[in-house]
Structures are given as C-alpha cells and as structure tokens.
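Undergrad: Got these off Swiss-Prot a minute ago, pasting:
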BINDING   C78, C83, C89, S318  [4Fe-4S] cluster 1 binding site
BINDING   C104, C108, C111  [4Fe-4S] cluster 2 binding site
COMPBIAS  1-14  compositional bias 'Polar residues'
DOMAIN    89-307  domain 'Radical SAM core'
REGION    1-32  region 'Disordered'
Amino acid sequence: MSTQLDASQPSNDVASPAAYDPTQKQKSQAKTARIPIKVIPAERLKKPEWIRVRAAAPGSRFYDIKRILREHNLHTVCEEASCPNIGECFGKGTATFMIMGDKCTRRCPFCDVGHGRPDPLDAQEPENLARTIAALKLSYVVITSVDRDDLRDGGAAHFVECITKIRELSPITRIEVLVPDFRGRLDRALAILNAGPPDVMNHNLETVPRLYKQARPGSDYLHSLKLLAEFKALHPDVPTKSGLMLGLGETDEEILEVMRDMRAHNVDMITIGQYLQPSEHHLPVLRYVHPDTFAMFEREAYAMGFSHAAVGAMVRSSYHADEQAHAAGVN
C-alpha cells in the first residue's frame, strides 16, 4: 500500500528516521523508531464482524467542517489521531479540537498524533477557536491538546484562554477538556485551571499500570489518578471523566481493577473502547474484545457508581461526549 503526501500541506510531512529533524513532525515509523520500547511488527489479527467504520457520505457536513478548520488554521484530534469515528462525528457537525499545535513532545506507540519539537503557541488560537465554534453554533465542544512538556505550565494557561474566549463568544456552548498529564508541573497547572474550569474535566488513563512502560513512556499511572482526584477536590461540582482502550495485552480483571481505582479517585464518567493499530509500526492489537465483554464492563461500571459509561468497540474518549455530559447533569 502506498501513501501519497499532499505537498500543499507541509505540516503533514513525515521525517524519515535517517534524517531526524526535531522541528519536523514524525509519524508512524519515524516516530516509534526513537522510543525506548521496540515495537516489533506482528501479523495483524483479522478484524471481527463487529468492527465497523462509517465513511462520511459526500455532501455531508464532513467536508464543510474540514474546510472551516483549515480556514481558521485549527486542528482536530479526530484527524491527527486517525479516529475511526471521524465520518460520523464530522457528518453531524461535532469535533474534538486539538490546541497548541500538532506536534507532541511524547512518543506513545499506540497513538497516531505526530511527534516533534512543538512550534511556539499561537496567540490567536483562542480567538480563532472561539469564532469557529460560534460560527458552527456548537452547543458542546471537546478541547484537547498534544503534550507540551516544553512549557512551564504544560499549556494550562492556554487551555484557560481558550475556555474564556469560547464562553465570551458562545455562552451557550458547554466545554469539556481532555488534558495531558501535566507531569512535573501539576500544582502549577491546577492553580491556573482554577481561573477558568471547564464544564467537564477529562484525562485518560488509557491502559492498565502493568502496560504503562510499553504503551505510555513518560507517563505515570498514579500521577494520572492524582490529577483527576486533585481537580475533583478543587471542583466537586465539575464531572470528571477518564477512558481506557482494550487490546494491548491487558486482562479483564486488570481493567476492572483500574475502574475501581477510578471510582476510588472520584472519577464520574468512563469510556472504554477497542484499540485499533494505526500502522504496522504502532503497538499491535493483541485481542479484539467481544461485544459481550464490553457489555460486562458497562454493567460493572454502573454497579461501581459511574454516572455514565460509554462502552463499546468503536467508543472513543469524546464519542457522543455531549450525551455523556448530559447524563452526568451538565446542561
């Protein structure tokens, strides 16, 4: 299979491992070649019948959303992370905006977002983002970002600027943020977020602690739980949320234990979906979880006291996020 690059969009060029340039965005093999954990290509498991991806139909809002994003120099995690639900979500006029650029300072080998030395923050981004959301008349948005370990606050102030500007230009819009872990700067980041807390606070644990070194190099399971718990302590009325992906080698009991940890740290909502390998250079899928197993996790989530659980093969962190938030009392 060959891949054609669009010369009109140089930001999507992929640097080769042999000619490493930290200012260029590395994806796929160029990205994973330099992580401490070696990704060994494996024979791909055959996708089962319950894995279905909906393509956007010509004439849907899919193309309108993409055009508006390009006009305002904005990125979505839907595109950058190759989300399988992009057709459905763009088609109905929803998107998860990715701020602070499209180059992440981490190299997680499950993720399709590019790695590289990030560009300076765009001072116009909060304004451009807010104007776009107002123009699209969106009632609910999710704002996420790449990891910005190069910034003293991890990007917390930029999140607050975006939240503030959105509320100024589109007061009807409810805002969920999906934040990085702010590792090494958590206290500073939480203090800054106090100035403009979101309507929903989301931070994904992604996988079980045993697999962190392999799947999330540079991250720490207990630190991520601490982030969620400390934010909740500061803002008890703001729902908190976290997500997991299945298929990296975890066991069902390990997933249930992580769910218990989430509840012990006052996480209100949970998403659980199937990991899909973006390329042969990313971590392989070691199992496709059967719908009956997803149904079991959903039952267990409600039994544990989660206010809402979105669980299924194609579920992603911000999939139907507006419906999840409404179920948790965000109006």
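Placement of Cβ uses the backbone N, Cα and C atoms for every residue, glycine included.
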Undergrad: Looking only at C-alpha atoms, tell me how far C83 ([4Fe-4S] cluster 1 binding site) is from C108 ([4Fe-4S] cluster 2 binding site), rounded to the nearest Å.
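TA: Checking the Cα atoms of C83 ([4Fe-4S] cluster 1 binding site) and C108 ([4Fe-4S] cluster 2 binding site) gives a distance of 16 Å.
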Undergrad: Work out how many Å separate C108 ([4Fe-4S] cluster 2 binding site) and S318 ([4Fe-4S] cluster 1 binding site) at their Cα atoms, rounded off.
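TA: C108 ([4Fe-4S] cluster 2 binding site) and S318 ([4Fe-4S] cluster 1 binding site) have their Cα atoms 19 Å apart.
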Undergrad: Among all the protein chains here, how many other CB atoms are within 10 A of the CB of C89 ([4Fe-4S] cluster 1 binding site)?
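TA: There are 24 such Cβ atoms around C89 ([4Fe-4S] cluster 1 binding site).
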Undergrad: Once near-sequence residues are set aside, which residues in the chain of C78 ([4Fe-4S] cluster 1 binding site), 6 or more away, have Cβ atoms under 8 Å from its Cβ?
TA: N85, I86, C89, F90, A95, T96
Undergrad: Determine, for the [4Fe-4S] cluster 1 site, the additional residues of the same chain whose CB lies within 8 Å of the mean position of the CB atoms of C78, C83, C89, S318; present them in sequence order.
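TA: Once C78, C83, C89, S318 are set aside, the remaining close residues are T76, V77, N85, I86, F90, T94, A95, T96, R316, Y319.
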Undergrad: Just to verify a number: CA distance, C104 ([4Fe-4S] cluster 2 binding site) to S318 ([4Fe-4S] cluster 1 binding site), in angstrom, no decimals.
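TA: Here the two Cα atoms are 19 Å apart.
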Undergrad: Could you round the CA separation between C111 ([4Fe-4S] cluster 2 binding site) and S318 ([4Fe-4S] cluster 1 binding site) to a whole angstrom and send it over?
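TA: Per the Cα atoms, C111 ([4Fe-4S] cluster 2 binding site) and S318 ([4Fe-4S] cluster 1 binding site) stand 15 Å apart.
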Undergrad: Please report the three-state DSSP label of C108 ([4Fe-4S] cluster 2 binding site).
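TA: SS state of C108 ([4Fe-4S] cluster 2 binding site) = coil.
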Undergrad: If H, G and I count as helix, E and B as strand, and all else as coil, what does DSSP give for C78 ([4Fe-4S] cluster 1 binding site)?
TA: helix
Undergrad: Other than C104, C108, C111, which residues of the chain come within 8 Å of the [4Fe-4S] cluster 2 site, judged by Cβ distance to the Cβ centroid of those residues?
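TA: Checked against the 8 Å cutoff, the neighbours are R106, R107, P109, F110, D112, V113, H115, V146, D147.
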Undergrad: Residues with Cβ closer than 8 Å to the Cβ of S318 ([4Fe-4S] cluster 1 binding site), same chain and 6+ apart in sequence?
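TA: Expected: V77, T96, V142, T144, E176, L178, N202.
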Undergrad: What is the total of other Cβ atoms whose distance to the Cβ of C108 ([4Fe-4S] cluster 2 binding site) is within 10 Å?
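TA: C108 ([4Fe-4S] cluster 2 binding site): 23 neighbouring Cβ atoms within 10 Å.
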Undergrad: Would you count the other C-beta atoms found within 10 angstroms of the C-beta of C111 ([4Fe-4S] cluster 2 binding site) for me?
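TA: Taking every protein chain into account, the count is 24.
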